[in-house]
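Chemist: Supplied in structure tokens, the structure appears directly below.
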């Protein structure tokens with residue numbers, strides 16, 4: 001009798017799960033309309049990931065299962081879709097099968113771009129004015145982040161991930177900033193957060209170092225080696241002496257000079273790593289994943305110096321070796 005009762009309870013639980021689980025897994029509850037862009041050739045996996053990232057669905061697996069059952073996976077149409085808070089999963093399928101005539105607006109952000117440069121691109125695409133985009137980025141910082149903004153020219157610098165995005169003409173500056181910031185947040189995996197903690201670095205410091213590597217690296221293979229130089233210098237409290245930070249500080253995050261002179265290196269500003277010890281107050285651009293990874297996993301070596309050569313940077317262990325490398329670089333410049 002006891003075994004029969006246990007079995008009955010178990011079957012009741014399974015039955016309840018069968019009835020309730022589909023409703024729970026179908027669509028999330030969200031308060032504001034969500035705009036998504038599905039480009040031509042998008043797969044079911046891509047759409048499921050997009051909806052999940054935007055908080056529209058609770059389970060990618062369940063969404064794909066339902067979509068395949070309804071043959072939606074073979075009939076996804078490109079378009080710019082606005083999903084209302086009370087939309088059902090069946091209504092989402094109907095939209096995806098119909099499509100919309102509006103073409104998506106493609107925003108490509110190169111690695112190393114500053115917020116000011118991103119804002120100019122956003123304005124060039126008529127998505128928003130540069131001023132409104134920058135205001136939206138400041139607003140995002142105020143509402144979501146709490147690191148010190150002291151001496152920062154743009155509060156959200158370095159937190160907008162460089163990638164190719166698709167937006168609609170309905171996208172607001174806040175929509176764009178949120179999408180870029182959320183993508184960066186997704187890149188910062190639990191592994192990366194744990195590794196930062198092991199190195200005694202905050203995420204703000206990680207993104208700052210990564211942004212320096214992004215601007216300094218001539219090619220991908222150099223990133224971890226440059227990271228090693230930065231970590232070596234920080235370990236012995238040696239100035240980083242990175243030209244890219246000087247350039248960023250001189251232009252206050254907006255203008256960029258093509259060549260650095262000694263007078264620039266002596267000009268005081270919060271980002272001058274010749275006159276200030278330690279890491280600058282914030283990132284100097286948008287780092288990509290490779291530079292973030294290099295920051296967290298620096299190459300272990302004895303180099304403390306590097307200078308640009310013909311096919312990348314030349315690294316030196318001593319100041320005397322560095323001076324010889326600098327002289328070789330000057331000869332290259334004079335030939336240009």
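The backbone N, Cα and C atoms fix where each Cβ goes, glycine too.
Source: prediction; values computed, not measured.
Copied straight from TrEMBL:
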SITE      216  site 'Important for catalytic activity'
Chemist: Give the three-state DSSP assignment (helix, strand or coil) for residue 216 (site 'Important for catalytic activity').
Modeler: helix
Chemist: Give me the long-range Cβ neighbours of residue 216 (site 'Important for catalytic activity'): same chain, 6+ apart, Cβ under 8 Å, in sequence order.
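Modeler: The answer is 226, 242, 244, 313.
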